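Engineer: What follows is a single structure, and I will ask about it in a moment.
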Amino acid sequence: MCTFPESLKSEIKLSVNISNGNRPQTIENGWFRPNSIKEYYELVELNSFNPNNVKIVAGNTSSGIYKDQDLYDRFIDLRGIPELSMIRKNSDGVEIGSAVTISKAIEVLREGKAPTLVFNKIADHMNEVASSFVRNIASVGGNLILAQRGRFESDICTILLAANSIVCIQVGSKRSTYSLEEFLEMPPCDHRSLLLSIFIPSWASSSNVLFETYRAAPRPWGNAVSYANSAFLAETSTDQETGDVTLEIVQLAFGAYGTEHAIRARKLEEFLKGKIVTGPILLEATRLLKEIIVPTDGTAHAKYRVSLAIGFMFKFLSPLAKSLAQPRKCMPTEYNNVKSYMDSVDSHNIPISSRQDIVFNSEFRPVGEPIKKSGAELQASGEAVYVDDIPAPKDCLYGAFIYSSKPLAHVKGITFKPSLASKKVATVISAKDIPKGGQNVGAGWIFGSEPLFADSLAEWAGQPLGLVIAETQRFANMAAKQAVVEYAMDNLEPPILSIEDAIERKSFVEIPAFLYPKQVGNISTGMAEADHTIQSAEVKLGSQYHFYMEPVTALAIPDEDNCITVYASSQWPEGTQSAIAKCLGIPFHNVRVITRRLGGGFGGKAVRSLPVFVSCALAAYKLRRPVRIYLDRQTDMIMVGGRHPTKAYYTVGFKSDGKITALHLDLRINAGIAGDVGPLIPRAIIGAMNKYNWGNLSFDLKVCKTNNTSKSAMRAPGDVQGSFIAEAIIEHVASVLSLPTNAVRRRNFHDHESLRVFFGESAGEASTYTLPSLFDRLALTPSYEDRVKMIKNFNSVSKWRKRGISCVPITYEVSTRPTPGRVSVLNDGSIVVEVGGGIEMGQGLWTKAIQMTAFCLKELWDDGKETFIEKVRVVQADSLSMVQGGFSGGSTTSENCCEAIRLACNTLVERLKPVKDKMEENGVVPWEALIGQAAATNVNLSASALWIPEESTSKYLNYGAAISEVEIDVLTGATTILRSDLSYDCGKSLNPATDLGQVEGAFIQGVGFLMYEEFLTNSDGLAVTNSTWNYKVPTVDTIPKEFNVEFINSPHNKNRVLSSKASGEPPLLLSASVHCAMREAIREARVEFCSSVASESTALTFQMNVPTTMPMVKELCGLNTVENYLESFI
Ligand SMILES: Cc1cc2nc3c(=O)[nH]c(=O)nc-3n(C[C@H](O)[C@H](O)[C@H](O)COP(=O)(O)OP(=O)(O)OC[C@H]3O[C@@H](n4cnc5c(N)ncnc54)[C@H](O)[C@@H]3O)c2cc1C
């Protein structure tokens, strides 16, 4: 199947290589490739050249930074000009053409027998720029031009600046050379300036040269630009008698700290030149540097960036100051000196490793076997067909959303800027296109809904105002971005944009009584029993985007007789069907929603994706033509609200031994504009908190209705916040009492009796309460104690890096729900399985469904062949084929589907067994023969079932515990997860291979929530972290260096599906172990540098909000640690 996009095909046809006598007279759409500098200038001097719609490119990777590519429709590619790709190297240095790629530059710098220190370090640093696939195409010149034009956080510019690099530029017919520093000071280059080459001196003839480069970025080497970067060059001389080191030459470059471009710190260089490096000189240098490094107004984390610059300079110069080399206390005796010890424990030397310990369960074979995920090859090869891979039907049109950028405003009109794209707009679909009898309803669930399109009043930033329809997705996207919306604010109250606003204006979503969590005991009595109390402490957690791989996608095809078929990337085909039918005002049976698989969902494709499917259907219905929508990542991030931001204020009473006697919680949740799943969140938060026995528990819960995008279910919704809040309270209690945190955790575990008080029936039987033993196996062991001791040693020797370790338990309540399934055998013996709303989204649902089918029909085929599973195929969800499908979510869909399959298979066995028994009178009955005979005798070979779990056993608890060990860099705030050991009670896993994937993936997604993913909005509530450029999920460089998982195979349990347990969401909570370990490490730093963070008493107790990003870690350790340390030498 060829799915190469039509829009790209047409661009290729349009590309013009002007060397073949094919010289264009005008710049129309498409690509132009001049073959000489002369041809380049001929092109840009054409009358039709307009810099606003022609982009000049080398690798064009800047389109990944400035998401404006959609706005250009013509391009000039510089890579056809040979001069820009030349490389010249001699003993003085290397000159590289501006179009040379970063990868090639690295290769050239490292070439030769003995590359100089400067070349080596530049190459090493370049290797941390972007990722290999970007470096392989991105040019060095493109990077410098981005930096020269201003406010691009270039690394390359900074490191070349410190090495005294020189650039060669042509403007018109004039060629000139400038130092890189001069070049950066020039007015921003326009299309008339061509950067030809860059010369980097080798510094080979200089003696005693030191050169070092630094960067601090949210991810160490994973496509993230720096908060600040630096490169330093120094030539030194050493007094043989005294050992004093004098700086003869010093060149200090700083960049990315909130500056227009990288700079040389000239004043500081002059100060240091000729000086002996000592503590007081360094202190003076830091003071001078603070005057030089001044981030421009509005720079995020400005103070943090300044402290980074100081930290980098300190790292470079402090080893030269002999007075700063101090022996540290508590060195392990087997090491002679600090250096040999630090080398032995250097986290950079820890190899990446992992271990998985699983006990396989062969009782229900092939259920329980780690069989490969169904469709793995199709996905790996790219053949798997997702909604956007379905070939476009004839006459297909494409849609893109125009959304409100205001939180509360009248919409007066929408116009388009004149452009090629606006000429291609077929129409704009809006609320006025909803047919008579239909409703303006977009996303909605039992707790309320929101309009599909704003009619005349926009109520949140990101609300769809209309859907631009054009001939290609690109034109639709371009036109939507060029739409100009006219707003008016007359007679409107200010919008409610925060939890505080909502509380003040009493704007709440009601929590139905049946969802209100259970308070326990009597809070006053509990508080009276306490020896100590902590009053109204605060914990704050941000949002998190559902970072699925496939943005929300739909293809709607109108059919005869007012019917419509919609291919939707939906976790909830049944809900999609009903929303479309309601909007169009047609019966449900006119709407067929088909979902084969999703490229991830994490809850974002349940309720929040509905407006995309419904608008797509509305456009197709109205225009009587197929319509496709593939949200670009930016629109997806703006429209699909994310996790609920939460604030909790707790008052807790406890005994001197750490036993908590009472907890009162004021919980504030930002739900956004509609209810969505908001009213469920408090219950989930309290549920996860109840892993501990609080003695007496009371709370005040507010789900706030605000003028923000509705927040929605996001993997472990509420539970992850709850588990985290519980740990924050436990740690706070432990720090007040100066007790080990694990001792306080263990002191507050439930016994089975209290577990039943807090969880009721979900607590199950005493034998199923595996948490205490699970925790003890991890935390109460000699090996844990040894690790704690080693960390203590490390922390006493290491000043600027600190380590922490923590073990965290989790409890997670899930519920099963009614689910339909159908199993049909075809005449050749192959089997087709349908599981209604059971959507394969990477969690392995199909694989488990196949295993279950094979297991349940075993009685009919058990001839020893392992290949039976190959006869089973699970097919797409189709809302008209299998009704009452419900949604996929809440971690139990796989087991629900398996149970429905089991019931359907039982019916088939009942029908086929007598046929088999009869045939067996004549010997062994192969499966195909059995089916042949059954078909010939008109046995019904298709069975459907609706599994309805029993009320009393529909809920159960999942348990796990995890140890994490981390190291923080006090100078940068970077955290390295050294090791995580996860222990998870997966019951009798239905498929340990897919469950392992779930456990590991969930844990890392939790790490993202707690440490990296800042889902930020502007003051109007519009998401501004709206691309991979500014929203950082964990990558390979941020996962634990050692990552171990073990499954606890807990005993049989008749109330669960073949004694299995859920694995989708609960393990996400284990990531709190990383956060708690970070707290331990930060505490060590605060104790070490307590004068710089505040008084000693506050060193131990501090609030650590989520996500705890690098700047926050550094702030908690103290922004002035270097200065304070240096002051101690005066
Ligand atoms: C995911 C990602 C991560 C990144 N991370 C980092 C990072 O950590 N650190 C860092 O420093 N950079 C980073 N970058 C930036 C990257 O290095 C630049 O995008 C790249 O070097 C630009 O080169 P290019 O050939 O693609 O330029 P293009 O995108 O083709 O061009 C960029 C601009 O330069 C102009 N231009 C290009 N060549 C010339 C020339 N010879 N004369 C005049 N004008 C010219 C173009 O007109 C255009 O405006 C990252 C980029 C991406 C996409």
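Every residue gets a Cβ built from N, Cα and C, even glycine.
All annotation found in TrEMBL is predicted automatically rather than curated by experts.
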Engineer: For the FAD site that TrEMBL gives with SER139, VAL140, GLY141, GLY142, ASN143, ASP155, ARG215, which of LEU195, LEU196, LEU233 also belongs there?
Structural biologist: LEU195
Engineer: For the Mo-molybdopterin site that TrEMBL gives with PHE602, ARG715, GLY890, which of GLN571, GLN577, GLN876 also belongs there?
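Structural biologist: Candidate in the recorded Mo-molybdopterin site: GLN571.
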Engineer: Could you check what DSSP calls GLY141 (FAD binding site) once collapsed to helix, strand or coil?
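Structural biologist: Reduced to three states, the DSSP call for GLY141 (FAD binding site) is helix.
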Engineer: Between the binding-site residues GLY141, GLY142, GLY890, where is the Cβ count within 10 Å the lowest?
Structural biologist: GLY890
Engineer: If you measure every Cα to Cα pair among SER139, VAL140, GLY141, GLY142, ASN143, ASP155, LEU195, ARG215, the residues listed for FAD, what is the largest value in Å?
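Structural biologist: The FAD-binding residues span at most 26 Å between Cα atoms.
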Engineer: Out of ARG683, ARG715, GLU1065, the recorded positions in the record, which is closest to LEU195 (FAD binding site) when you go by Cα distance?
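Structural biologist: Nearest candidate: ARG715.
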Engineer: With H, G and I counted as helix, E and B as strand and the rest as coil, say where DSSP puts ARG215 (FAD binding site).
Structural biologist: strand
Engineer: Report the same-chain neighbours of GLN571 (Mo-molybdopterin binding site): residues 6+ apart in sequence with Cβ closer than 8 Å to its Cβ, ordered by sequence.
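Structural biologist: LEU598, GLY601, GLY603, LYS605, ALA606, SER609, GLY837, ILE839, MET841, PHE887, SER888, GLY889 - these are the non-local Cβ neighbours of GLN571 (Mo-molybdopterin binding site), listed in sequence order.
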Engineer: Where does the mean pLDDT land for the domain 'FAD-binding PCMH-type' (19-205)?
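Structural biologist: Across the domain 'FAD-binding PCMH-type' (19-205), the average pLDDT comes out at 92.
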Engineer: Near ligand 1, which of the recorded positions ARG215, GLN571, PHE602, ARG683, GLY890, GLU1065 have CB less than 6 Å from any of its atoms?
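Structural biologist: By the Cβ criterion, which requires under 6 Å to ligand 1, there are no hits.
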Engineer: By CA distance, which of the binding-site residues (ASN143, ASP155, PHE602, GLY890) lies nearest to ARG683 (substrate binding site)?
Structural biologist: GLY890
Engineer: Which one is closest to VAL140 (FAD binding site) in space, judged by CA to CA distance, out of the recorded positions PHE602, ARG715, GLY890, GLU1065?
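Structural biologist: Closest by Cα distance to VAL140 (FAD binding site) among the recorded positions PHE602, ARG715, GLY890, GLU1065: PHE602.
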Engineer: Through the lens of DSSP with three states only, how would you label ARG683 (substrate binding site)?
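Structural biologist: In three-state terms, ARG683 (substrate binding site) counts as helix.
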